[in-house]
Amino acid sequence: MTKRNAIILAAGKGTRMRSKLYKVLHQVCGKTMVEHVLTQLEKAKIDNIITIVGFGAETVEQQLGHRTKYALQEQQLGTGHAVMQTKDLLANEDGETIIVSGDTPLFTAETFEKLFEYHEQRHAAATILTSIAPDPTGYGRIVRNDVGIVERIVEQKDATVQEQAIKEINTGVYCFDNKKLFAALSKITNDNAQGEYYLTDVIGILKQENEIVTAYKMDNFDESMGVNDRVALARANKVMRNRINTHWMREGVSMIDPETTYIDADVKIGRDTVIEGGVVIKGHTEIGNDCYIGAGSRITDSKIHDGVKIISSTLQEAEMHNGSDIGPNSHLRPEAEIGENVHIGNFCEVKKAYIGEGTKVGHLTYIGNATLGKNINVGCGVVFVNYDGTNKHHTNVGDHAFIGSNSNLVAPVNIAKDSFVAAGSTITDSTEQYDMAIARARQVNKENYAKKLPW
């Protein structure tokens, strides 16, 4: 098979985004736009990918890492000039080269593969990826002759009234014979109002040299959506979100209200899981089979095993094992690990703690920097007091222990297995197995004293 190369144009600043963040680093469904493009090129099995960086070069390179080579465009002198910067890396390579902008996050690997195939089958020097736009205003139009051969690309400002009626538009993605691309690049000039080198001029040069220039018309216009401002970014997020949700529903996930369900691109979800409306699932979260994610839940970079139930709760970098449940209105913070068949009720917070199988934490509890064993009962209002004002300390609670309501466990402390902490206790000393710890003042009843009080 012919060698396939790709160039990602990612050097622009993106002034219209009105942001300190460089344009291609804005996110669509949890992944930067340029990373979406790179991921789809990788799926299309491109042999050699080069990303052209300029503004924010170091930040872009940190984001993409070693998945791509890089070429630096120090001055922003047009798309043709950008591609010229890959000369040392690419000019002597054989095969075909696809060029795509880093601010077009909706293109798919399937579209790239079809473009390559169409281009190669026609032995073309250049193939333009086109689409039919419902409203072509602002796009370059594809002008064909009477037999359908591409004659030229005409920009909106230069189009006649007849040409403005054309709905086939240039998506800004091209496939070139690599050697012919660089030969034509050496001939383009910046003799225009902007003083820039345009990649579209390569098409004109190849036509003048009687090379074969074709156009592949893609089916889905939404894929070609570029992002130049926040309005377009919101549109791209909506399209991507619908694509992601549709994929998971076809994989066996039920969504009560897909329009209000927000799932990032790298999330994985098992079959027969039900997701209610208003749910946000972000980052690299993995959700198993037969789970239930209730309305308003927010889950980030967490691992949810099979049969877990989450009701209106927030999870961050946490893990819940098979059959456990949480909520409503509870919070798992980073490094919280919830064992099998654990119950976490309402208004609980767990951070940097492991809770063992079968343990119940019913309500209004804070557990931080702790290890809890199996089948423990943690009463209402229990606080694991882990911070002394300078350092965090650890608490251990053994299997089958009982922690009474409104108790404070002041770390560092060990509550032995099978021991019992009486309600209202503030525990500062460790217990032994079968101990009952009581740490509160004895109640005193003063007869008739209430009559003296002002109430």
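Heads up, the Cβ atoms here are built off N, Cα and C, so glycines get one too.
Record features (TrEMBL):
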- His363: active site, proton acceptor (ACT_SITE)
- 9-12, Lys23, Gln73, 78-79, 101-103, Gly140, Glu155, Asn170, Asn228, Arg333, Lys351, Tyr366, Asn377: UDP-N-acetyl-alpha-D-glucosamine binding site (BINDING)
- Asp103, Asn228: Mg(2+) binding site (BINDING)
- Asn386, Tyr387, Ser405, Ala423, Arg440: acetyl-CoA binding site (BINDING)
- 6-215: domain 'Nucleotidyl transferase' (DOMAIN)
- 319-400: domain 'Mannose-1-phosphate guanyltransferase C-terminal' (DOMAIN)
- 1-230: region 'Pyrophosphorylase' (REGION)
- 231-251: region 'Linker' (REGION)
- 252-455: region 'N-acetyltransferase' (REGION)
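Annotated features, which come from TrEMBL, shown on the structure.
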residue : record                                        : DSSP class
Gly78   : UDP-N-acetyl-alpha-D-glucosamine binding site : coil
Gly102  : UDP-N-acetyl-alpha-D-glucosamine binding site : coil
Asn228  : Mg(2+) binding site                           : coil
Arg333  : UDP-N-acetyl-alpha-D-glucosamine binding site : coil
His363  : active site, proton acceptor                  : strand
Tyr387  : acetyl-CoA binding site                       : strand
Ser405  : acetyl-CoA binding site                       : coil
Ala423  : acetyl-CoA binding site                       : coil
Arg440  : acetyl-CoA binding site                       : coil
Considering all pairs of residues in Asn386, Tyr387, Ser405, Ala423, Arg440, annotated in the record as contacting acetyl-CoA, what is the maximal C-alpha distance expressed in whole angstrom?
22
Alpha-carbon spacing, Asn386 (acetyl-CoA binding site) to the residue listed as 'active site, proton acceptor', which is rounded to whole Å:
19
So what's the mean pLDDT when you look at the region 'Pyrophosphorylase' (1-230)?
94
Below 8 Å Cβ to Cβ and six or more residues apart, same chain only. Which residues does that give for Asp103 (Mg(2+) binding site)?
Ala10, Gly12, Gly14, Lys23, Val24, Met33, Val34, Gly226, Val227, Asn228
Can you tell me the CA-to-CA distance separating His363 (active site, proton acceptor) and Ser405 (acetyl-CoA binding site), as a whole number of Å?
10
Work through the binding-site residues one by one (Leu9, Ala423) and point out the residue whose CB has the fewest other CB atoms within 10 angstroms.
Ala423
List the same-chain residues at least 6 positions away in sequence whose Cβ sits under 8 Å from the Cβ of Ser405 (acetyl-CoA binding site), in sequence order, or say none.
Gly379, Cys380, Gly381, Val382, Ala423, Gly424
To the nearest whole angstrom, state the Cα distance for the pair Arg440 (acetyl-CoA binding site) and Glu155 (UDP-N-acetyl-alpha-D-glucosamine binding site).
82
Taking only the Cα atoms, work out how far Arg333 (UDP-N-acetyl-alpha-D-glucosamine binding site) lies from Tyr387 (acetyl-CoA binding site), in Å, as a whole number.
16
